[in-house]
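Annotated features in Swiss-Prot:
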BINDING   Thr7, Gly8, Ser9, Ile10, Gly31, Lys32, Asn33, Asn113, Glu115, Gly187  NADPH binding site
BINDING   Lys114, Ser134, Glu135, Ser158, His181, Ser194, Asn199, Lys200, Glu203  1-deoxy-D-xylulose 5-phosphate binding site
BINDING   Asp133, Glu135, Glu203  Mn(2+) binding site
Amino acid sequence: MVVLGSTGSIGKNALKIAKKFGVEIEALSCGKNIALINEQIQVFKPKKVAVLDPNDLNNLEPLGAEVFVGLEGIDAMIEECASNLVLNAIVGVAGLRASFKSLQRNKKLALANKESLVSAGHLLDISQITPIDSEHFGLWALLQNKTLKPKSLIISASGGAFRDTPLELIAIQNAQNALKHPNWSMGSKITIDSASMVNKLFEILETYWLFGASLKIDALIERSSIVHALVEFEDNSVIAHLASADMKLPISYAINPKLASLNASIKPLDLYALSAIKFEPISMERYTLWRYKDLLLENPKLGVVLNASNEVAMKKFLNQEIAFGGFIQIISQALELYAKKSFKFSTLDEVLELDKEVRDRFKNYR
């Protein structure tokens with residue numbers, strides 16, 4: 001298999017599962033963590049390696065692997081790889097081209113790059129995609145019973161770092177505080193997206209593309225991150241998917257469903273500890289961006305605007321140029337600006353053109 005973004009949280013766990021399942025790693029790519037990819041090269045001995053920045057080539061130790069550089073290099077690497085499975089864990093819209101290239105080459109796509117579906121779900125062959133996400137894995141598992149007819153799909157949110165912060169103090173919070181997730185430790189982007197509830201807006205759009213636009217789609221807060229998804233059926237019964245909060249579960253099924261079903265990758269649940277489970281609505285007063293949920297479901301191509309404005313805001317927030325209130329304001333202004341526009345793009349280039357337009361419009365925000 002090919003692992004793109006092998007030095008991130010998803011990539012590292014994917015390599016653990018691949019090793020456990022005896023899956024050969026043909027190719028790896030990374031962003032900036034050259035020291036770690038050098039270690040991975042020693043262990044997995046890939047035939048091909050890609051790095052984003054040519055300035056990192058001097059520190060790369062490929063051990064005879066063919067080396068590719070930049071996003072174009074990743075495309076070329078995918079083109080040349082014989083593997084049938086590509087796991088895309090690149091962060092941000094930078095991973096979009098890799099998703100397209102993988103599907104163009106008729107490869108199965110294990111997709112952790114949310115931005116691919118959020119920005120261009122209408123252009124991707126969903127039948128070849130397995131999402132690497134606890135919530136969507138939960139929905140997939142719940143929908144395997146074809147006798148029951150689903151009515152609504154519900155995914156859970158932890159509430160993020162500011163779920164108990166006094167409302168009047170949320171706007172002045174900085175990135176350091178946003179990165180203090182109460183339940184888990186992952187990358188900075190997804191942790192901040194959890195605090196803003198953008199991550200759940202992304203997952204709502206992913207659910208739309210993956211499981212069908214005809215069903216009602218919603219989310220709720222479940223603080224323990226044990227209930228990942230629920231499905232309500234036409235008979236008014238509801239089934240929930242519970243599991244330890246560990247990404248190795250969806251990763252293992254994306255790599256090899258048969259082996260995953262026979263080999264546990266996560267800890268068993270302590271059922272006696274489940275009495276604390278409680279469901280809460282997502283408050284629009286606390287999570288002001290949640291008010292755009294219905295707008296995005298009505299016009300899912302707005303996902304391009306959501307993602308582009310979020311990446312602009314994220315960079316400014318992490319660079320301490322703006323506080324959390326400014327972060328929210330950039331995304332709100334972008335969605336309000338484009339809310340009534342009709343998008344008819346049918347190519348990747350058109351998606352990237354709108355992405356660039358949104359970034360250019362908000363890059364000088366202060």
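Each Cβ is built from the backbone N, Cα and C atoms, and glycine gets one as well.
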Alpha-carbon spacing, Gly31 (NADPH binding site) to Asn199 (1-deoxy-D-xylulose 5-phosphate binding site), which is rounded to whole Å: 21
Environment of Asp133, Glu135, Glu203, the listed Mn(2+) site - residues of the same chain whose CB lies within 8 A of the CB centroid: Pro131, Ser134, His136, Phe137, Gly138, Leu139, Ile155, Phe202, Glu206, Thr207, His228, Ala229
Least buried by Cβ count (within 10 Å) of the binding-site residues Ser9, Asn199: Ser9
Under 8 Å by Cβ from Lys114 (1-deoxy-D-xylulose 5-phosphate binding site), same chain, sequence gap 6 or more: Asp133, Asn199, Phe202, Glu203, Glu206
His181 (1-deoxy-D-xylulose 5-phosphate binding site) and Thr7 (NADPH binding site), Cα-Cα, nearest whole angstrom: 21
Pairwise CA distance, Glu135 (1-deoxy-D-xylulose 5-phosphate binding site) versus Ser9 (NADPH binding site), rounded so that it is a whole Å: 17
Other CB atoms, at most 10 A from the CB of Glu115 (NADPH binding site): 26
Structural state of His181 (1-deoxy-D-xylulose 5-phosphate binding site), classified by DSSP into three states: coil
